[in-house]
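Down below is the structure, laid out as structure tokens.
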Amino acid sequence: MAIDRRREAAGGGPGRQPAPAEENGSLPPGDAAASAPLGGRAGPGGGAEIQPLPPLHPGGGPHSSCCSAAAAPSLLLLDYDGSVLPFLGGLGGGYQKTLVLLTWIPALFIGFSQFSDSFLLDQPNFWCRGAGKGTELAGVTTTGRGGDMGNWTSLPTTPFSTAPWEAAGNRSNSSGADGGDTPPLPSPPDKGDNASNCNCHAWDYGIRAGLVQNVVSKWDLVCDNAWKVHIAKFSLLVGLIFGYLITGCIADWVGRRPVLLFSIIFILIFGLTVALSVNVTMFSTLRFFEGFCLAGIILTLYALRIELCPPGKRFMITMVASFVAMAGQFLMPGLAALCRDWQVLQALIICPFLLMLLYWSIFPESLRWLMATQQFESAKRLILHFTQKNRMNPEGDIKGVMPELEKELSRRPKKVCIVKVVGTRNLWKNIVVLCVNSLTGYGIHHCFARSMMGHEVKVPLLENFYADYYTTASIALVSCLAMCVVVRFLGRRGGLLLFMILTALASLLQLGLLNRMSDSVKDKFSIAFSIVGMFASHAVGSLSVFFCAEITPTVIRCGGLGLVLASAGFGMLTAPIIELHNQKGYFLHHIIFACCTLICIICILLLPESRDQNLPENISNGEHYTRQPLLPHKKGEQPLLLTNAELKDYSGLHDAAASGDTLPEGATANGMKAM
């Protein structure tokens with residue numbers, strides 16, 4: 001049966017000629033059909049959906065071969081990067097440059113929103129009202145932890161925060177410890193401890209994050225109510241996770257532009273209502289919906305940015321957007337100091353999204369998505385709009401895109417959902433590998449950050465809130481700069497592999513080797529490994545998201561991006577979960593992610609290389625995306641693993657099938673004799 005299918009795919013049926021190989025190293029249509037896991041029905045362009053093999057016709061060819069060939073659109077229209085994009089001038093057109101700029105500007109607002117928790121929910125220094133700082137803290141100001149009262153009583157809200165109950169054990173009345181003694185480190189409090197240590201009815205706060213009042217001081221989220229701070233942190237992250245998953249599927253079905261515009265409208269509604277919250281429950285609920293809408297904006301802008309660019313410019317354009325978002329992170333402390341109140345800060349973060357309402361009239365739908373889903377009527381109007389904006393002459397269409405488009409105007413749209421990937425052989429594997437990489441990168445980043453900030457007693461610089469904040473931001477900035485250099489020379493897969501190896505080494509050395517060192521040497525090496533781990537893990541997470549955007553077909557790109565970004569959200573969610581449980585299970589948490597890094601190193605080798613490759617447009621393209629070897633072959637060296645097209649020519653099956661000769665007894669589909 002395998003030989004019969006190979007014969008039919010090679011052109012053995014009456015009146016059929018072998019079709020040329022598709023771009024991106026994909027197989028000819030016949031081979032694509034024969035090698036698909038469910039027996040793909042592919043026309044000249046490698047059809048957009050994978051279906052079960054049709055029943056064999058007694059004459060030797062598939063029963064519906066002529067019908068499938070007639071149903072497939074023109075190869076010229078499916079080759080967006082090779083025909084449509086050059087016709088529009090690539091990224092050289094002024095209109096395309098304007099659209100790319102419009103995807104960069106909101107990254108600044110997104111950066112403000114993503115890092116607002118560090119200021120809105122920062123747990124400040126506090127003391128019982130009327131008792132005074134020194135009296136209330138019972139000598140901690142002079143002989144306490146590192147001689148700094150603020151660090152003893154504060155609860156850092158950055159991702160590397162230490163034990164959340166550390167402060168709760170020391171905020172008792174002045175009848176507590178003796179003024180000259182150093183108080184012992186508190187153990188996680190039980191119900192009885194909470195009753196004895198939190199018998200104050202009013203508190204005064206010293207907020208470290210540049211604000212006079214934040215959410216914690218507004219509703220006294222200390223002592224027995226401290227857990228509500230972590231729930232408020234959960235709400236934004238959980239909203240992002242659900243938003244990535246749901247808006248990604250919707251964007252593949254109705255388009256990128258409607259999802260972007262509706263997300264903008266609703267983030268304005270929910271974001272501004274957050275500033276009017278009357279209690280922490282209302283605040284947390286509205287933050288969930290704010291995160292949901294923010295996810296729709298992040299995801300659709302990421303996809304639109306990728307789909308606008310030619311192969312050689314995609315990574316550069318994406319990294320510029322990342323740097324703009326980091327500018328928002330660096331500017332956030334100044335914005336908080338300017339606002340002074342958390343409600344004003346929240347409103348100021350959301351109000352710039354009002355400018356994005358103009359996108360309704362100036363930002364078009366993704367032309368690449370319209371072509372991939374065969375919405376040729378809308379695509380024709382948009383192409384004419386591009387040519388008008390760029391002042392191009394439509395007669396310069398050398399490849400004949402417009403005449404081919406005219407022939408296909410009556411075709412019905414063919415949209416695909418991300419669940420379609422379950423029936424593929426290679427595409428689902430690539431997406432799952434990148435999801436695990438994203439989860440591991442963002443999850444282990446918290447472990448390294450907490451380990452570095454755990455040495456704040458011995459490194460006085462790290463005791464300051466702004467030093468903590470800018471240290472993390474600077475490491476992320478250096479990581480992105482290193483990504484630009486590494487990816488340029490090693491490609492996407494090589495760069496991801498290098499950063500994952502660095503992450504694994506830093507994690508394993510920190511967990512194992514440091515136990516054999518003295519305390520003074522151990523602290524220095526632990527900080528060094530933590531910095532290297534934060535640097536490499538940030539690159540792993542960011543590069544996994546970009547890699548997924550490139551290898552996922554256009555028809556399901558937002559769905560695939562949603563899966564990888566949601567995995568990243570799950571990784572970040574481990575930080576507040578560990579904090580809520582008083583850092584219990586932190587060491588096991590680190591060990592699990594360290595083991596995941598080793599698994600990821602092996603799995604990365606299974607991924608294709610997407611550098612300078614055209615984006616896959618349909619599931620068939622994505623399923624047969626070229627996987628090049630990690631190291632280039634030497635001149636004259638025969639590769640060990642041949643592509644199916646090379647294997648067909650090498651085995652001689654193609655010639656035998658074309659001439660109608662019978663195959664030797666015992667021959668198999670790969671040309672080898674059965675033993």
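Placement of Cβ uses the backbone N, Cα and C atoms for every residue, glycine included.
The region 'Disordered' annotation in TrEMBL covers 1-64, 166-192. Taken from TrEMBL, the feature domain 'Major facilitator superfamily (MFS) profile' applies to 190-611. If you look up TrEMBL, you'll see 234-254, 259-280, 286-304, 316-338, 344-363, 469-489, 496-513, 525-549, 561-580, 586-607 marked as transmembrane segment.
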Long-range neighbours of the transmembrane segment (496-513), counting only residues six or more past its ends (CB under 8 A): 437, 440-441, 444, 447-448, 451, 483, 486, 490, 525-526, 529-530, 532-533, 535-537, 539-540, 543-544, 547, 590-591, 593-594, 597-598, 600-601, 604-605, 607, 630
Surrounding residues of the transmembrane segment (525-549) on its own chain - C-beta under 8 Å, 6+ positions past either end: 302-303, 306, 315, 318, 322, 430-431, 434, 437-438, 440-442, 444-445, 447-449, 451-452, 455, 459, 472, 475-476, 478-480, 482-483, 486-487, 492-493, 495-496, 499-500, 502-503, 506-507, 509-510, 513-514, 517, 557, 560-561, 563-565, 568, 571, 600, 607, 610
Proximity of the transmembrane segment (561-580) to the transmembrane segment (259-280), 3+ C-beta pairs under 8 angstroms: no
Among the ranges 234-254, 259-280, 344-363, 469-489, 586-607, the one whose Cβ pairs under 8 Å to the transmembrane segment (316-338) are most numerous: 469-489
